[in-house]
Amino acid sequence: MLSQPSRERAFVLALGLVVSSSLAAAAPCDIYSSGGTPCVAAHSTTRALYSAYSGPLYQVKRGSDGATTNIAPRSAGGVANAAAQDTFCASMTCLITVIYDQSGRGNHLTQAPPGGFKGPEANGYDNLASAIGAPVTLNGQKAYGVFISPGTGYRNNAASGTAIGDAAEGMYAVLDGTHYNGGCCFDYGNAETSSLDTGNGHMEAIYFGTNTVWGSGSGSGPWIMADLENGLFSGSSPANNAGDPSVSYRFLTAAIKGGPNRWAIRGANAASGSLATYYSGARPNASGYNPMSKEGAIILGIGGDNSNGAQGTFYEGVMTSGYPSDATENAVQADIVAANYAVTSLTSGPALTVGSAISLRATTSCCTTRYLAHTGSTINTQVVSSASATTLKQQATWTVRTGLANSGCFSFESKDTPGSFIRHSNFALVLNGNDGTKQFKEDATFCPQAGLNGQGSSIRSWSFPTRYFRHYSNVLYAASNGGVHTFDAAGSFNDDVSWVISSGFA
């Protein structure tokens, strides 16, 4: 009989042969199944997680007419057909309405309902994610991830086959390690079926961010931790595990697994390298976590009680039945690396040149002589022409800068107030001085795309990609198509968010 180390080595070899034979033969859920811990939920908007899977990955909904379509892999086991989305959503806004479960259990993720906390949408539901907020490529093929802004969340409170009570499970997610905050809580995993906080140990989910209300790791974060309810844990201590490092890989693999009085945190660069173990040992030294009382719902982007103040980006993830071996997880990581996640352009339409001075003209039929300008800190539209006073020309001129939060997009500095930039604040656009904070940089970063009405450019917020520069009663907002605010009204939306960009007046 083989010893335990020998069995482990044999399993690694077997999985290695699967991985090396072909990418399609080594999809993550095939690997977990070979390891004896099959997927009970498999979610991805970027690719199939089974080699034979050819069903829908996700559904998108158009803002113009409410029509929906499903996006499937290009071929069985392959990358999502982003071109089908681009065609369906051309010159329109689109939201991700369903993230389908590929496991066959029907554990699909949909718009999260209200719970202990209400969401910002109608009837307390959370927002849905933009379909274009997180473009990437996998082996050179374009796909879209799920960009979670604060207030956005997905959930399934009636999941099938997920771990209940103290039963063992594993999970991983591929995330954007540069997109996070300190809000509660950017999670993926097992949560309460009531959307309420029902006590310690009633969750087991991957958390990623810089929240320090409960636990923390080394450095200043962000960290991979486990949300076990009423605590984000980095190890056995409720307070800190110095072995849990700050990690900010552009593509990050985060893994959590837990069983009776044991659990582990693992992480890696999803683009290269191997998983490292940040914690492996007993359950936290606090009441309610041994045994666990997991309930089996599935969440994405939110906490178990619908806490929805966090942000992050999700590309793929699964949940398993049983406690996966390190060898199984290592083989999954090898497959993730082989998928070759890479960044791609966040912008489209007429090109902008960093350092240039521009003016932006409205295209709505009422307002084609009006340009984006400011009066003090208020961003508005004003009638401007070559005959206008120099002061007004300067107020309607903006210097293009590299995006303060993401170099793939842009920030717009006031010509007449150097050091001040357009930002969104409570979804109004305002002119504020750059205070150098992470929050300011994110609020002041915008990504142009081809104009939704066929003219010029539409300029969406990087941090809230459902929201665009919109003039409404001559005042500027970061508006979504048909959202809950007055300035989100669907009427004339595509016209109101389309701007013709020209050389600056000043």
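Just so you know, glycine gets a Cβ as well, placed from its N, Cα and C.
Swiss-Prot names Asp227, Asn230, Gly304, His424, Asn426, Phe427, His471, Leu476, Asp496 for binding substrate. Of Asp326, Asp335, Asp443, the residue it gives for the same site is Asp443. Mapped onto three states, the DSSP output places Cys29 (disulfide bond) in helix.
Separating the Cα atoms of Asn285 (N-linked glycosylation site) and Cys409 (disulfide bond) is a whole-number distance of 45 Å. Taking the Cα of Cys29 (disulfide bond) as the reference point, the closest of the recorded positions Cys89, Cys94, Cys184, Cys185, Asp305 is Cys185.
Cβ neighbour count for Cys29 (disulfide bond): 23 (other Cβ atoms within 10 Å of its Cβ, all protein chains included).
DSSP assigns Cys447 (disulfide bond) to a strand.
Rounded to a whole value, the Cα-Cα separation of Cys94 (disulfide bond) and Cys184 (disulfide bond) is 26 Å. Taking Cys39, Cys89, Cys184, Glu229 as the recorded positions under consideration, the smallest Cα distance to Cys409 (disulfide bond) is found for Cys89. The two recorded residues, Cys447 (disulfide bond) and Glu229 (active site, nucleophile), have Cα atoms 36 Å apart.
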